[in-house]
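S.K.: Handing you a structure now.
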Amino acid sequence: HPPPVATDKEEQKRLLENRPDQPQNPKVLRIAIIGAPNAGKSTLSNQLLGRKVFPVSKKVHTTRCKAQGVITHEDTQLIILDTPGLTNPLKAKRHNLDEAMLTDPWDSMQHADLVLVLVDVSDRWTRNSLSKEVLKCLSQFPHIPSVLVLNKVDILKKKFLLLEIVADLTEGIVNGKKLEVKSAFKQDSSSSAKSPLQFTEASPSESKVPGSPCGQEENQAQEGSGLDKSSDVGGAGTGEARGPKHYGPKDLKDMTGWPHFQEIFMLAALRGEEVDTLKRYLLMQAKPGPWEFHSDVLTNQSPQEICDNIIREKVLEYLPLEVPYGVTQVTEIWEEGECGELLIVQSLLVPRESHKRMLIGRGGKVIGRIAREAGQDLMNAFLCDVRLKLKVEVK
């Protein structure tokens, strides 16, 4: 079971400063999750962690800053860098986003050992090409291994479209080999995340590429990715398997996909489908190295940051677009109640009287729902009873 987040700011700070309780042969993997805004990065991060510490909402730019999640499993530590959606200066200006949102994803990439590129396959407008920002990011760090993760596969009614999507997003090449795609529908598949794909090597070879899942785990990792490879992936020692070439702005202009992904996974993060398969793969990719955090740490965020983010998530969810971005949050009370519960009182300051009316809702319905749902999420993060009271004022 993942550890809860400490409710006391000082205790969480102490935990973060604690020397990691290193096992004898520690392994570590730092994972950057990148993708267009709203691809489901935070949902996937929460599922991998097993507890909700990152805010999620259907509105873009719910994640405003980079935060880390920590998964400790036996001798291995995975550090997840949950990054804001990759955006450009023009859109950033439109949403009043601070400068950090443009630089944070790049910053995360510099510290990553592996990149997960998340694509929402339910979005018919964007699913057949990687955004220019994502391609730019991958081309700046071609030496970092990358994995393609197709999310929201359960929502896709026509599963055969996955063939097309994969071909477009990988430019027909995975792990240094050109792939011919054959359809292999399994009608009785119980899991909606299982894909109808079967990849056949165009040029098979006996050797394995370093870093590909091996042994018995190979079948599990491949099964989760929905890719049945008819033979081992070759290319070790050949020119193809060497690191990708450097791409200039001209190259990127005509590219829709990235031909250097090592693996493809297909999952439904919201429902948790196939997330465990991805997690097993990530644990296998970890390399020997010292842990960065004590095993009791789940995130590097303070309890107050988690609380603010989760309340903000609900405000984004239930209010029209222009309102939430103008809300200021002020925590007035944060203390332990008589029965050991956590008592939180927060004021939500809005710029206009009309916004106040919207946020309260008829008969207090909207603000009541926000407080109730945010309270539930905070209980999940802190593993204790939480009493949350919200007040709305015009600033």
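Note: Cβ is positioned from N, Cα and C throughout, glycine not excepted.
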S.K.: Any idea which of 74-77, 82-85 is down as region 'G3' in TrEMBL?
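M.R.: It is 82-85 that TrEMBL annotates as region 'G3'.
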S.K.: May I have the DSSP-based helix, strand and coil counts for the residues of the region 'G1' (35-42)?
M.R.: 2 helix, 1 strand, 5 coil
S.K.: For the region 'G1' (35-42), what's the mean pLDDT in this predicted model?
M.R.: 83
